[in-house]
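Worksheet: one structure, shown below.
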C-alpha cells in the first residue's frame, strides 16, 4: 500500500487538520468539489491568537466537511511541556537564550490525538497544511503512522493539480469568493506565526533576512520589551515545584496544569520573558531562522534549573544537560515517543526530576532580564556552612585539604612531561603556546 498519495483519492474519506485559515478552508472546499469526502479535525491547543474555537468546526461544515470535530489537546500539551522542562529537552540555545521546542511539542500532541480521532471515525487518510521544505511534514508523518499503521497521507500542497489551480493565497481567496463565501484575506504580515499554549513561532517572509530583527514582531504572548515607551514595572514572583512538578505560582496552588500554564504565561508575558532569536538546523539539515515566545515555559525552566543546581551533584547535572540536549533533538525531529527518547525521559524524570522540590523567588524586569532572590528546598545539598569563609567549625581541616591537593593532582608530573614531549616534537613553540609561559624552558630542555 502506498503511504503517500500524490493525487486526490476521489470518493474516499480524508481527514484534514483544519485550522479555519485560508489554506485549509480552500483545501477542504476544493477536495469536496473534486469528489473526496473530507472530515475536519481541529486541535484546541490553547492558541493565544484564537478567539472562538467553536466557530471553526461550524465553518468546516459550511465548506463541505462531512463531519467536523474539535479535539481538546490542552491537557496533553501541557503535560508534554512539563515533561520537557523536567528533562531539559531543549537543544537550540543562542547566547544563553533557549528555544523551548514549543512547536515540536505541539506537533507531537496534534499528530497523535487527531489521527486517533480520525481512526475512531474510520478515516485512514490524513492531510494537513505542512509544506515539503519544513519540519512539520516529517513530524506529522511519523506521529500519524505511529498512531495508525494503516494511515495514508494526502497533502494538497504536494498535489500538482491543487497547486496548478490554487497555488497561492490570492488564488485561494478568489476561489472561496467564486464559490459564494465572502472570504477576505487577512492583512498580510511581514512574517508568519504559529502558536499553541506553550509558545509562539514567528518565521518566514521578512524574518528570513537576518537584517530583520525582533523589532518587526508584534508579540502575541508578551510585550515589546525593547520599546522604551512600553512601561514594564519589576515584579517579584515565586515558583514552587514538588517532585519535579510545578504546583504553585505566587503562593497560589494549582490542581489544573492548564490553568497553571496560563498563569505562568501571564506572569512571564508581562515582561516579555522567554523571547529568543534562533538560527537552527531543520531536519533536512538546511538552516532556518525563527523568533520565539514562551513566557510560561521560560519562567518554569528558570526556577526548575535553579533548584536542580542546588539539589543534584555535578555529574548528575552534567548528565541532565547532555541527555536533555539529545532528547531535545529527538523531540525536534518528531521522535518524542521513540524508544531512545522514552529511555532518556524515564531516566531524567525518575532520577532527576523526582528530587526537585522547593520554591524559587525571582524578580522579573524587561525581557530576559531577571534576578534570583531566594531558593528554598529541604533537598538542597548546597550548605553555606560547608564552605564559609568565616572562622568557625568546619567539616574539614587545613590538613585535609593538603592531602586532597596531593592526591588529586598527582598527574601534574604527567602533564609536565606531556608538554615537554609536545615541545620536542615541534608541536609547541614560544610563538604558538599562548598561555604557556614556560614553553621556552621546555624548548631549551628539548634541545
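Just so it is clear, glycine is given a Cβ too, placed from its N, Cα and C backbone atoms.
As written in Swiss-Prot, here are the features:
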- 17, 18, 19, 20, 21, 22, 23, 24, 25, 43, 129, 131, 136, 194: ATP binding site (BINDING)
- 99, 135, 139, 192, 201, 203, 280: L-citrulline binding site (BINDING)
- 131, 135, 136: L-aspartate binding site (BINDING)
If you take the centroid of the Cβ atoms of 131, 135, 136, the listed L-aspartate site, which other residues of that chain have their Cβ within 8 Å of it?
130, 132, 133, 134, 137, 138, 139, 140
Residue 136 (ATP binding site) and residue 203 (L-citrulline binding site), distance between Cα atoms, whole Å:
14
If you count the C-beta atoms lying within 10 Å of each candidate's C-beta, which of the binding-site residues 21, 129 ends up with the smallest number?
21
Using the structure shown, find which entry in 136, 203, 280 (the binding-site residues) has the sparsest Cβ neighbourhood within 10 Å.
280
Nearest of the binding-site residues (19, 131, 136) to residue 99 (L-citrulline binding site), judged by Cα-Cα distance:
136
Residue 131 (L-aspartate binding site) has how many other Cβ neighbours within 10 Å of its own Cβ?
11
Local Cβ density at residue 25 (ATP binding site) - other Cβ atoms counted within 10 Å:
24
Which of the three DSSP-derived classes (helix, strand, coil) applies to residue 23 (ATP binding site)?
helix
Check each residue in the chain of residue 192 (L-citrulline binding site) that is at least six apart in sequence and keep those whose C-beta is under 8 Å from its C-beta; list them in sequence order.
202, 203, 204, 205
Intrachain C-beta neighbours of residue 19 (ATP binding site), sequence separation six or more, cut-off 8 angstroms:
42, 56, 129
Starting from the Cβ of residue 99 (L-citrulline binding site), draw a 10 Å sphere and report how many other Cβ atoms land inside it.
26
Compute the C-alpha separation of residue 23 (ATP binding site) from residue 131 (L-aspartate binding site), stating it in Å without decimals.
12
